[in-house]
Ligand SMILES: [Zn+2]
């Protein structure tokens, strides 16, 4: 929570206490919330459609279940119900798959003013090779930033799933020139802003757990060049390889080894 948000919350409580019970019941009926990033104005549940659903999906996509890389399509279908239910359970809320005041309050707590999740930031995923910024990639800067945001929310879910363990990004967006400079193809996932490389927990723990958090791409120990970090990305489909950890595209789901 930012300082501004904390202040607004304090003022809201103060205002409610000054005007008494009548105002308090009004707050329950229509929870007003000022969030610098995005605020929802209605309860969302199965069947709902709209941009507010898409905004919700970005933030819960890391909770849709094993191997599920859910679409951010603005349509509240079964995957969104599951993702919201798992998100609620992960944060100790009543798990009903309906996004209402409690769910939004948790999201407001987790999201920063620039819409990134609490434990990841644009500063740590912007252009590599010392370039900074979001230009020179395979898509527009705006698309790069949106993709990075989606990847970071799933990384936030992964972090929470692993017991709120601090994770560090060692590489995020790369321009095509930077990608070639570090030995990549020049058009890989990092040039789209869809990929981040992580350290901070056991690499097998990261690769195994990431299968549950909406990552279409996972590369870790045993895959060439990935013994010192785990690469995750939000590509469509499934491309998983961490042979040293039993992680592959077609391997059956099995119990996760805790980090
Ligand atoms: Zn990578």
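Using N, Cα and C of the backbone, Cβ positions are placed for all residues, glycine too.
All annotation found in TrEMBL is predicted automatically rather than curated by experts.
TrEMBL annotations:
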DOMAIN    49-107  domain 'Peptidoglycan binding-like'
DOMAIN    119-233  domain 'Peptidase M15A C-terminal'
SIGNAL    1-34  signal peptide
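Counting residue by residue with DSSP, the domain 'Peptidoglycan binding-like' (49-107) contains 33 helix, 3 strand, 23 coil. Secondary structure of the domain 'Peptidase M15A C-terminal' (119-233), assigned with DSSP and counted as helix (H, G, I), strand (E, B) and coil, comes to 43 helix, 16 strand, 56 coil.
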